[in-house]
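Straight from Swiss-Prot, the features:
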{"type": "DOMAIN", "residues": "1-94", "note": "domain 'PPIase FKBP-type'"}
{"type": "REGION", "residues": "1-69", "note": "region 'PPIase first part'"}
{"type": "REGION", "residues": "76-119", "note": "region 'IF-chaperone'"}
{"type": "REGION", "residues": "128-150", "note": "region 'PPIase second part'"}
């Protein structure tokens, strides 16, 4: 069976940045399992996987446009600290903010007495990414998986989208990083929920969660 829309695909991968530094890998961990064609992965990686078969391995370099877009200075904004309702806020914290375009993940990059500066760019915006991928399994999705829009079972990318190794430290990264008015969402977390599948998993370096 080939990789096709609504097939369940199991991947092993390693992701590197422009300098060859490893950003994330599943080697030695659980592989990534996801429902293909649901925009879970960034567009460039999903396009490369389309039509491939179990056992195929490949390397691909994705431009920012194929991954998380170019870095947009307009997505860096100062918001009044009072919007956080007295919550303790530190640099590196990530919040799901309410904007004119809906809920958007933002990362705190600076805290002053009156303002909090947040960055709505994905942490990998503007970065060219190298993927080394091997397809371990491809199967048809179950009726339940199709109904829910995600994979069930071990390694699945369904309920726990905290695969962001990354850079969001287990906060609720999901959705486009937009501008507009930044409110706040109390789903803020200081824990490190890296999980497996950081780069290809929800919001991580292959995920479509922050896709531009």
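Here the Cβ of each residue, glycine as well, is placed from N, Cα and C on the backbone.
Mean pLDDT, taken over the region 'PPIase second part' (128-150), works out to 97 on the 0 to 100 scale. Secondary structure of the domain 'PPIase FKBP-type' (1-94) per DSSP (helix as H, G, I; strand as E, B; remaining residues coil): 17 helix, 33 strand, 44 coil. Under DSSP, the residues of the region 'PPIase second part' (128-150) split into helix, strand and coil as follows: 6 helix, 12 strand, 5 coil.
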